[in-house]
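Look at TrEMBL and you will find Gly100, His147, Asp220 tagged as (6S)-NADPHX binding site. Per TrEMBL, the feature AMP binding site maps to Lys191, Gly192, Ala193, Arg194, Thr195, Gly219. Look at TrEMBL and you will find 4-279 tagged as domain 'YjeF C-terminal'.
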Amino acid sequence: MKDVSQEPLPLLAGRGAESHKGDFGRVLLIGGAPGMAGSIAMSALSCLRSGAGLVTVAAPAASAPVVASFCPVYMTVAIGKAEDFRESLEAATVVAIGPGLGENWDTLLPLVLAANKPTVIDADGLNALARGSMLENVHARCVLTPHPGEYGRLVGDASLAAKATGDDAERVEAAGVLARRSGASGAVLLKGARTVVADGERHAINKTGNPGMATGGSGDVLTGVIAGLMAQGLGPFDAARLGAHVHGVAGDLAAARLGQISMIATDLIDELPHAFQRLDPTPF
Ligand SMILES: NC(=O)C1=CN([C@@H]2O[C@H](COP(=O)(O)OP(=O)(O)OC[C@H]3O[C@@H](n4cnc5c(N)ncnc54)[C@H](O)[C@@H]3O)[C@@H](O)[C@H]2O)[C@@H](O)CC1
Ligand SMILES: Nc1ncnc2c1ncn2[C@@H]1O[C@H](COP(=O)(O)OP(=O)(O)O)[C@@H](O)[C@H]1O
Ligand SMILES: [Mg+2]
């Protein structure tokens, strides 16, 4: 695999004066079961702060009002209302599935994959993929974002799983193997310090970020960022690469302001605007 870490970061196009929200995508984020409503709310807020035009959260009926109460900007729909869910899925230009979804909604992933839209699969979406042995159904518009624990469940092979926590070369190998195994997956983002993004032919290692980001919900933020970038037209590999970079910069800004000990995932969301403003050139 070619190492493209030193190549310039992908860019977001500037916004034309006549732009409207429909130009920046309609994202459907699926997750947030009772007890984990905050996870998908963080993804949705992050997606908005990353520039998505319209964001809707699909959550179980019991938690959808809780998700809605966190923020007035995104919309919510109950997963169990099949007709409403189907309509939201059809209308979406990008889908993200998994944060806080739990184990009771594995039937949604095949529907999402069949819709064949740019898709981020994270957390319980990855666990559903592993439980259902659906790796070969993953398509080229998907980004998989496992941490090493989720990676191990996906590959089901202890020696390969161990590589996911190894040195850079081992982590690159591990990410590349999963990218090649998972249908023609667009990109695999293997989380952790020095996050690896790979698509089977090329890879990049992300250098931003810090151990203060080892706090619950940091990954939920990343899911929203990548989905937001895809909604603005970036392909899976570029969205994963730019997303990891911006997410890490937000983490570094949060650490500078609050310290690695006290920073929490919502602080990353607060720093996303500043992280985007630091992109060179800024996309506006
Ligand atoms: N506020 C919320 O509602 C939150 C909900 N969350 C949800 O909780 C559910 C469970 O996710 P979890 O990720 O906690 O559980 P998992 O059981 O998938 O993973 C946790 C374990 O994975 C391993 N791991 C993770 N990163 C690693 C690394 N860099 N190196 C080595 N090992 C590593 C560790 O052993 C860790 O204890 C998901 O649906 C998730 O989205 C979490 O995102 C936390 C916040
Ligand atoms: N030591 C670290 N250095 C850099 N980034 C880190 C570090 N620890 C965690 N992160 C980042 O934080 C995020 C954690 O994601 P994840 O494990 O899915 O958390 P959660 O599911 O709780 O949201 C990933 O993007 C990961 O790369
Ligand atoms: Mg996670």
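Each Cβ is built from the backbone N, Cα and C atoms, and glycine gets one as well.
Those TrEMBL annotations? Automatic predictions, nothing curated.
Note that the coordinates shown come from a computational prediction; the quantities given were computed from them, not determined experimentally.
Counting other CB atoms no more than 10 Å from each candidate's CB, the binding-site residues Gly100, Gly219 peak at Gly100. Candidate binding-site residues: Lys191, Arg194. Fewest other C-beta atoms within 10 angstroms, Arg194. The binding-site residues considered are His147, Gly192, Ala193, Thr195, Asp220; of these, Ala193 has the fewest other C-beta atoms within 10 angstroms of its C-beta. In the three-state DSSP reading, Gly100 ((6S)-NADPHX binding site) counts as coil. In sequence order, His147, Leu190, Val196, Asn206, Gly209, Ala244 are the same-chain residues whose CB sits within 8 A of the CB centroid of Lys191, Gly192, Ala193, Arg194, Thr195, Gly219, the residues recorded for AMP being left out. Nearest by CA distance to Ala193 (AMP binding site), out of the binding-site residues Gly100, His147, Asp220, is His147. With a cut-off of under 6 Å between the Cβ and any atom of ligand 1, the binding-site residues Gly100, Gly192, Ala193, Asp220 reduce to Gly100, Gly192, Asp220. One way to see the shell of the (6S)-NADPHX site is to take the Cβ centroid of Gly100, His147, Asp220; the remaining same-chain residues with a Cβ within 8 Å of it are Ser39, Gly98, Pro99, Asp122, Ala123, Gly216, Gly217, Gly219, Thr223.
Among the binding-site residues Lys191, Arg194, Thr195, the residue whose Cα lies closest in space to that of Asp220 ((6S)-NADPHX binding site) is Lys191.
When the C-alpha distances from Gly100 ((6S)-NADPHX binding site) to the binding-site residues Lys191, Arg194, Thr195, Gly219 are tabulated, the minimum falls on Gly219.
Each residue contributes its Cα atom, and for Arg194 (AMP binding site) and His147 ((6S)-NADPHX binding site) those atoms are 12 Å apart.
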